[in-house]
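Annotated features, as they stand in TrEMBL:
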DOMAIN    1-55  domain 'KRAB'
DOMAIN    121-148  domain 'C2H2-type'
DOMAIN    177-203  domain 'C2H2-type'
DOMAIN    204-231  domain 'C2H2-type'
DOMAIN    232-259  domain 'C2H2-type'
DOMAIN    260-287  domain 'C2H2-type'
DOMAIN    288-315  domain 'C2H2-type'
DOMAIN    316-343  domain 'C2H2-type'
DOMAIN    372-399  domain 'C2H2-type'
DOMAIN    484-511  domain 'C2H2-type'
DOMAIN    596-623  domain 'C2H2-type'
DOMAIN    652-679  domain 'C2H2-type'
Amino acid sequence: MDTSQRTLYRDVTLENISHLVSVGCHFFRSDVISQWEQRGELWREERGPPQGWSPGMKNSHNKQEIIPMQDICMNDPPNCWTVQKCHTGEDLSVYSGFDEVFTHTYTLTQHVLTHTVRKPYKCNECGKHFTRNANLRTHKITHTGENPFACNQCGRRFRYFSSLTRHKRIHTGEKPYECRLCGKAFVRSSIKRHERTHTGEKPFKCHLCGKGFVTRSNLREHERTHTGEKPYTCHQCGKAFVTSSNLREHERTHSGEKPYKCHLCGKAFVQSSCLRDHERIHTGEKPYKCPICGRAFVTSSCLRKHERTHTGERPYACHLCGKAFIQSSNLRDHERTHTGEKPYTCHLCGKAFVTSSNLREHERTHSGEKPYKCHLCGKAFVQSSYLRDHERTHTGEKPYKCHLCGKAFVTSSCLRKHERTHTGEKPYTCHLCGKSFVQSSNLREHERTHTGEKPYKCHLCGKAFVTSSNLRKHEKTHTGEKPYTCHLCGKAFVQSSYLREHERIHTGEKPYTCHLCGKAFVQSSCLRKHERAHTGEEQYICHLCGKAFVTSSDLRDHEGTHTGEEQYICHLCGKAFVTNSDLRDHEDTHTGEEQYICHLCGKAFVTNSDLRDHEGTHTGEEQYICHLCGKAFVTNSDLRDHEGTHTGEEQYICHLCGKAFVTSSDLRDHEGTHFNYSE
């Protein structure tokens, strides 16, 4: 330390000694001052029973008489501490009534002064009193914002010398404090706090709600949840925080500083706790175990969140709409749906996000990074939550259960989405047209219908898509990959949603019910299309001819009639189709398998469209309605034939001679003339 700091240190030392002498303590003065000036550790403690301690003890190893400290702590203590002089090994028993650990004479002195009522040093700014002038000087720095102690390796500045000392251990890797129970080492002298993780002791109780805490600082932070106090304010943006650590973390969002680096992969973090959590990804350590189900977690916060799935507790409530959440971070994210705030901005493209996790996920679309890999099949994912969801496809685990109907789900988001089918809640509203949605992702996709944005681009053909799921689906048309297989009939599908819909053919399940007429459907998209038949809504409009459609897929199919683009290609024979439904029907003709079975008469059909047309013959329901004249038809093919009479469009083409016809029946009649001619 420089000359001014040494002078300050000496002044503080002399002042501390004078205070101790004033309350009856006596020392080997020259030895104490010499050791203290060198900042050597004068005292270290070992816990042990004070055998034969009594006031007036003599030191058997030194000829000088030692007058021990007076009985300042008045209560009869359950434990005492044996204090050893490091450089001589001499023993002195010091009477401590509060079971406090002191690793330096400096901290011992500070403890002694807490028992004297005299606080002669007053802050002129706020009127707070202190026992020591040094404490007053340190306190005054909180008013000035000054950080006088600088790290000579990275330049970071600190308010307290002790904070600088702790910080330097980040550079050296030194962990001087070791737990005597498990051997774990620590950078800071937080042994007592760590030992409580072994004993379960929570000595600091909230006087308002009775909740216990491991440390006094945790209690103070908790008490602010009752008072609403946020004493730590960012000087750049004015945002206030409950804890100083939260403020420091926030300040790094301004500076971009990430001081905590993983020595295995080099990844850097804003918080040391985030680094510790990350290191467990390398080691596989999951130290936090649920006492109810035994499941283990990487972080204590993940365990607390999980425990609430058992208790149903949602302690964080929105003061605007009353909605409650398991995590405070979920509440903060939700509050931004009210304010529209998007504080996290991508430095590459400038796009803003509501949550930091959404930003990180987005940044990986630039880098292509997929850091989370399944150890069973090797598939990699952008987010750890995606990996966890994927792993359940191997185990079959569905941990999230609806308390209304008992249905279980792989992910919590699927459960929340399902619960809204019971409540009818659609919390995500478009600010342009007022339309509401069950999921935020549905809202984002809808907003792109206003902006025309198609952010997901195929790297093979350059085609762009509104959603990432549509891009993934499209990419499989290049590879022919169909990873989702039905365990009953072996049929494979491009998307898991197609597999789920297909499995309902086997089970007969129709989970989507119209609340107006009670009709049930296999697919949610079929229900939405049906509901528009009640409302007459046709929100998807062709920009070429102005024709309106009930669904976006109907619009896309129609647009293909303008362009002639046959974008759906059969990977077996190469034949191309204008619509995806036509492709699926065509693929079924390769197998010849009659997999679509009528549940009324048992008749089987090759294609799903043939089954739907057949079911109409049982019910007589004319579900296909002409939007031009309102006439209804039993089958979709009859509707298409009828629409041709309005437009005159010759949409049915003979593949033998190229002649075109308005209706499919006219085409079939014509094809017969070729057959008769050849006969």
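Note: Cβ is positioned from N, Cα and C throughout, glycine not excepted.
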Item to complete: State the residues, same chain only, that lie 6 or more residues beyond the ends of the domain 'C2H2-type' (652-679) and have a CB under 8 A from a CB inside it; answer 'none' if no residue qualifies.
Response: 637, 640-641, 644-645
Worksheet item: What mean pLDDT score does the domain 'C2H2-type' (316-343) have in the model?
Response: 85
Discussion item. What does the DSSP secondary structure composition of the domain 'C2H2-type' (288-315) look like, as residue counts for helix, strand and coil?
Written reply: 12 helix, 4 strand, 12 coil
Practice prompt. Six or more residues out from either end of the domain 'C2H2-type' (372-399), which same-chain residues have a Cβ under 8 Å from its Cβ atoms?
Written response: 309, 357, 361, 364, 408-411
Worksheet item: Apart from its near flanks, which chain residues at least 6 from the ends of the domain 'C2H2-type' (260-287) lie with a Cβ under 8 angstroms of it?
Response: 170, 245, 249, 252-253, 296-299
